[in-house]
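Listed features, source TrEMBL:
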BINDING   195-202, 278-282, 340-343  GTP binding site
DOMAIN    361-374  domain 'SRP54-type proteins GTP-binding'
REGION    27-58  region 'Disordered'
TRANSMEM  6-24  transmembrane segment
Amino acid sequence: MNDLLWLWITLAVLVVVSVGLVGFRRRPGTRATLPPPTTGTTLDSAEESAQVPERGGVATAEAPTDLEAPPAVEVPEAVGGRLARLRGRLARSGSPLGSKLLAVLSRDHLTEDDWDELEETLLLADVGAGPAGELIESLRTRVRVLGVRDPASVRELLREELVALVDPSLDRSLATAPQTAEDGTRLPAVVLVVGVNGTGKTTTVGKLARVLVAEDRTVVLGAADTFRAAAADQLETWGARVGVRTVRSDRDGADPAAVAFDAVRTGRTEGVDVVLVDTAGRLQNKAGLMDELGKIRRVITKEAPLSEVLLVLDATTGQNGLNQARVFGEIAGVTGIVLTKLDGTAKGGIVVAVQRELGVPVKLVGLGEGPDDLAPFDPQEFVDGLLGD
Ligand SMILES: Nc1nc2c(ncn2[C@@H]2O[C@H](COP(=O)(O)OP(=O)(O)OP(=O)(O)O)[C@@H](O)[C@H]2O)c(=O)[nH]1
Ligand SMILES: [Mg+2]
């Protein structure tokens, strides 16, 4: 009888220990929960797919629904203070613009050659001829009029001039608040992401979804890059990590506008806050690009007005990036710029040049390949980053 009792106690202890071990296998900083439903309504996946319009093989690919092994949903990092990382990243990719300028400005007597050197440094950092000339002119006048000589004061003047050039008066907020239709129905904010291939569109959509999730917003992704299935897979992986669903096509070469439309419709019927639409960058010519983006815009706006059209530009491509910006600016009605790979260049002046070129503000910057390496752009913090320490 005693033996039986001990056997039961041993079994009970084993069960408790193994349950405890399973619990500890969760990674730190993650929640082991299923992706949250995008609205208060909880539909099972069969009902959901019945509600999503099936057009041209488009389907909603929900983040995994394996009930036995729920995927760990990551908790994205809060957004505040991310841009502070820029300083370290700029320093790693070479001598930042600010320190080059300060090296010249700290010379005893600034000669004509010194001022030329300053202007040249700005040009080499992709600031652009017009803005570089303006900065030198203004700085020269102020240094002379104020009779400033000590390095700290000169540095402060340079800081003010650079901030003015980046233009703190521009509205850099992202329009991601849900909208109201004329008949009073609630519509999601719709953000269309465009740009040539390889600039970081899909990565930016993924990072942006994380930013929104961190702010407790509900999100749907639209994989309107239908040239290759891998593009939708890439986007879906980003979404699944934070419990966000992706509307995609199940075949290569499907109509991107149809996918974009379905993504927005899904967002609308499910009452989500924001729909982010990724597009293809691989288009042979301007006419093809114009047709495709034009069609995507038209069909999306049948469901909900566009809140933002974000142009993604690679900061390391300099003048080439500016030419791309020009083309997209003409055709896509860009409302904001995302400058990616700022961690890969010490220049940074492209921020100024591209804003001047398009007349729209840089709203977000990519600071690396990490999932939370996307920061809201702030002129003061950016200039501090350029100036170092
Ligand atoms: N260092 C760095 N790499 C980045 C950044 N943003 C994106 N990348 C990398 O750039 C590469 C291309 O990114 P994608 O997001 O696939 O670019 P895309 O514009 O969607 O490309 P296509 O779909 O081919 O047009 C990837 O290796 C990303 O990790 C960034 O801010 N910094
Ligand atoms: Mg892509």
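Every residue gets a Cβ built from N, Cα and C, even glycine.
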Relative to the Cβ of GLY198 (GTP binding site), which residues of the same chain, six or more apart in sequence, are found under 8 Å away? GLY281, ASP314
Least buried by Cβ count (within 10 Å) of the binding-site residues GLY195, LYS201, THR279, ARG282, LEU342: ARG282
GLY198, LYS201, THR279: which of these binding-site residues put a Cβ within less than 6 Å of any ligand 1 atom? GLY198, LYS201
Confidence over the domain 'SRP54-type proteins GTP-binding' (361-374), expressed as mean pLDDT on the 0 to 100 scale, is 95
Within the set GLY195, THR279, ARG282, which binding-site residues show a CB-to-ligand 2 distance under 6 A? none
Based on DSSP, name the secondary structure state of LEU342 (GTP binding site): helix, strand or coil. helix
Per DSSP, to which secondary structure element type does GLY195 (GTP binding site) belong, with helix, strand and coil as the options? coil
Three-class DSSP secondary structure - LYS201 (GTP binding site): helix
